[in-house]
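Scroll down for the structure; my scribbles are underneath it.
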Amino acid sequence: MFCNQCEQTTRGDVCHQWGACGKSPEVDALQDLLVHCLRGLSQIALQAKSLGINTRDTDEFTCEMLFSTLTNVNFTTSDFIAFVNRAIALRDSLKLKIQALGNKVVVSNINTFQPASSLTDQIQQGKDLEFEFISQSANNVDIFSLKLTVLYGLKGLAAYAFHALELNQHDEGLYTFCHEVLADLDNQDKTLQDWLNLALKIGEINLTAMQLLDAGNTETFGHPTPTPVKLGHIKGKAILVSGHDLLALKAILEATAGTEIKVYTHGELLPAHGYPKLKQQYPHLYGHYGTAWQNQTHEFEKFPGAIAMTTNCLVPPHETYKNKVFTLGPVGYPGLQHLSISDVSPIINKALELPGFTDEENKGIVTTGFARNAVLGVADTVIDAVKSGDIKHFFLVGGCDGAKPGRNYYSELVEQVPNDCIVLTLGCGKFRFFDKQLGDIGGIPRLLDVGQCNDAYSVIQIAVALANAFEVGVNELPLSMIISWYEQKAIAVLLTLLYLGIKNIRIGPTLPAFLSANLVKLLSETYHLQLITTPEKDLAECLS
Ligand code: FSO
Ligand code: SF4
């Protein structure tokens with residue numbers, strides 16, 4: 001196998017034998033086979049679109065399938081076989097529609113590909129395709145690096161687009177772009193500059209995806225407002241909802257309304273508490289339990305109720321608690337029951353069967369809900385505080401968490417940020433410092449939780465509004481971005497920030513393994529993108 005799409009890739013290089021995430025070589029091969037089938041489907045979808053044929057099913061399927069290949073999303077062999085078959089069925093049905101309009105289908109090796117009939121042969125096909133993809137690029141390591149950047153960035157973009165389309169937010173141009181990228185992924189004529197431009201274009205279209213998701217979330221659930229969230233628990237039956245999907249959380253809240261069950265958020269669903277239409281309508285959305293994704297094995301083990309995993313990041317569950325975990329949406333794991341949000345009753349039955357909490361514990365509160373509307377609602381106060389010198393600097397310390405020890409950097413940095421600075425955060429990286437009491441500056445909290453990693457759009461809007469208020473560019477603001485990355489959504493966000501021309505971003509805990517030395521050099525020369533060093537050194541440089 002060959003996979004280096006995430007930060008925990010083996011020895012910081014590539015997973016060859018088995019995924020450090022728990023992905024088997026078989027699933028890896030089937031994911032590659034699926035991506036190959038999607039490439040053929042995209043070629044046909046583009047022709048169908050050019051003839052005015054409705055391809056919405058294919059568009060949505062393509063986004064969901066790319067999402068299913070993200071790190072820590074789906075580990076189930078049989079799911080990928082079904083996905084491959086569905087890709088071929090959609091492709092062939094579009095071909096028929098093209099022919100029915102009196103047109104000849106444009107033929108290529110990719111769009112006439114047939115998956116083998118047995119599992120063993122399909123796995124071999126996936127391995128062969130992977131080998132072909134790697135060897136096509138063997139003579140140019142920098143182009144290969146950019147191709148991987150494009151593919152992984154596209155996966156992140158597709159994940160955002162999938163969240164958005166679940167909330168009825170669509171963009172035809174975005175879908176066409178995704179198909180164009182997939183359809184042309186093996187283009188041998190593209191130059192290094194072409195691939196670089198395409199990577200930045202992914203960043204541009206990802207901004208559209210994040211904007212759509214922001215619109216979907218805020219139109220459906222209202223604009224988040226600052227909200228205290230309880231960290232303890234209360235006696236009684238319990239359900240824990242993890243991942244990023246607000247719609248799935250809503251379905252569980254709806255189904256448990258009026259019952260004795262209390263619903264707790266886990267990981268990236270903490271910011272859900274800030275949305276008016278969730279917190280006001282469902283008082284049994286009790287509080288938040290646990291921290292970031294990589295701690296879930298011991299946190300899930302101890303949770304005395306049912307658990308729903310709505311999106312990444314699922315860690316292979318232990319046998320001891322497997323029977324109380326359910327998957328929804330693009331998530332899958334062998335032996336875990338997969339549900340649709342239209343019927344979440346098995347989760348409720350499981351919660352009723354389990355003991356629930358037998359005591360009450362108060363572990364304090366944290367505040368979330370400082371998304372763009374809330375922060376920009378007090379923009380005048382913020383601007384005055386900057387002008388008067390009360391606020392010297394803003395730090396965005398955001399992104400993903402992970403298991404590597406080097407990630408202590410982020411908590412140490414936040415602890416050392418001077419008292420006249422504000423820390424904006426988002427993503428699951430915040431769990432390293434989310435309960436720190438940093439006080440306030442003239443009533444403005446010094447630690448502002450903007451939301452999930454999916455809310456990066458909110459941070460961009462805050463930065464742009466501040467830049468406009470001070471009549472400078474974002475790069476001239478007293479703002480430093482210190483990002484932690486883990487998986488492909490973070491790659492898409494990074495490409496968006498680069499597309500927007502944002503410089504001096506610090507990234508860690510390591511650089512992506514798929515970036516070649518020349519690409520790192522180019523990004524550092526053009527964008528001053530740099531690897532984190534020590535909290536002391538980086539803070540001193542940011543404040544100098
Ligand atoms: Fe964390 Fe996982 Fe949100 Fe990522 S839960 S690591 S960027 O997938 O999604 O921040
Ligand atoms: Fe390895 Fe990450 Fe790929 Fe999993 S997703 S196989 S850990 S690089």
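Any Cβ shown, glycine's included, is placed from N, Cα and C.
Cys3 ([4Fe-4S] cluster binding site) has a Cβ environment of 23 other Cβ atoms inside 10 Å. The [4Fe-4S] cluster binding site annotation in TrEMBL covers Cys3, Cys6, Cys15, Cys21.
Residues within less than 8 Å, Cβ to Cβ, of Cys313 (hybrid [4Fe-2O-2S] cluster binding site) and separated from it by at least 6 positions along the same chain comprise Thr71, Asn72, Val73, Gly243, Gly267, Trp293, Gln294, Cys428, Tyr486, Glu487. Taken from TrEMBL, the feature hybrid [4Fe-2O-2S] cluster binding site applies to His244, Glu268, Cys313, Cys400, Cys428, Cys453, Glu487, Lys489.
Within 10 Å of the Cβ of Cys400 (hybrid [4Fe-2O-2S] cluster binding site) there are 25 other Cβ atoms, across all protein chains. Cys400 (hybrid [4Fe-2O-2S] cluster binding site) carries neither a helix nor a strand DSSP state and counts as coil. According to TrEMBL, the feature cysteine persulfide maps to Cys400.
Remark: Cys15 ([4Fe-4S] cluster binding site) has Met1, Phe2, Cys3, Asn4, Thr9, Cys21, Lys23, Asp28 as non-local neighbours, by Cβ distance under 8 Å and separation of at least 6 in sequence. In sequence order, His163, Glu268, Leu269, Thr310, Thr311, Asn312, Gln452, Cys453, Asn454 make up the list of same-chain residues 6 or more apart from His244 (hybrid [4Fe-2O-2S] cluster binding site) whose Cβ falls under 8 Å from its Cβ.
Cys15 ([4Fe-4S] cluster binding site) falls within a strand segment according to DSSP.
In this structure, Lys489 (hybrid [4Fe-2O-2S] cluster binding site) is part of a helix by DSSP.
Within 8 Å of the centroid of the Cβ atoms of His244, Glu268, Cys313, Cys400, Cys428, Cys453, Glu487, Lys489, where the record puts hybrid [4Fe-2O-2S] cluster, the same chain has further Cβ atoms from Gly267, Trp293, Asn312, Gly427, Gln452, Asn454, Tyr486, Ala490.
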